[in-house]
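Okay, so here's the structure we're looking at.
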Amino acid sequence: MHELSLCMSAADIIREQAEQHGIARVTDVWLEVGALADVEESALHFCFDIACRDTVAQGCTLHIDVIPAQAWCWDCSREAEIMQHAGCCPHCGSERLRITEGDDLRVKSLEGE
């Protein structure tokens, strides 16, 4: 379950950002998850709660935005938006795609008091 390691990394970033900005308690966190990141949303919520235990983010509300992946088509030389690994280019139908974005997880923003 790689969700736990992703959430531990996100919790580290949240702690660092809260400290830098003088936030004593984080109330909300927004994560962007790429469509190809291979994470289970319910597992992400569960692991996030564990990763944030005993931190400034304990008990915060987690918001998850799934963003489409971007790929480069080798056959028609165009960018394409895809939502799954076995995607085809919407422009030419080719399966020869190189993922350029959307297989990661990032902390988009946070709110606190």
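Cβ coordinates come from backbone N, Cα and C, glycine included.
Residue density at His2 (Ni(2+) binding site): 12 other Cβ atoms are found within 10 A of its Cβ, drawing on all protein chains shown. The Ni(2+) binding site feature in Swiss-Prot is assigned to His2, Glu3.
According to Swiss-Prot, the feature Zn(2+) binding site maps to Cys73, Cys76, Cys89, Cys92. For Cys76 (Zn(2+) binding site), the same-chain residues lying six or more positions away in sequence with a CB closer than 8 A to its CB are Cys89, His91, Cys92, Ser94.
Taking the C-alpha positions, the distance from His2 (Ni(2+) binding site) to Cys73 (Zn(2+) binding site) comes to 29 Å. Taken residue by residue with DSSP, Cys92 (Zn(2+) binding site) is part of neither helix nor strand, so it is coil.
Of the recorded residues, Cys73 (Zn(2+) binding site) and Glu3 (Ni(2+) binding site) place their C-alpha atoms 29 Å from one another. Sequence-distant neighbours of Glu3 (Ni(2+) binding site) (same chain, 6+ residues apart, CB-CB distance under 8 A): Val39, Glu40, Ala43, Leu44, Phe46, Cys47. According to its DSSP assignment, Cys76 (Zn(2+) binding site) is coil.
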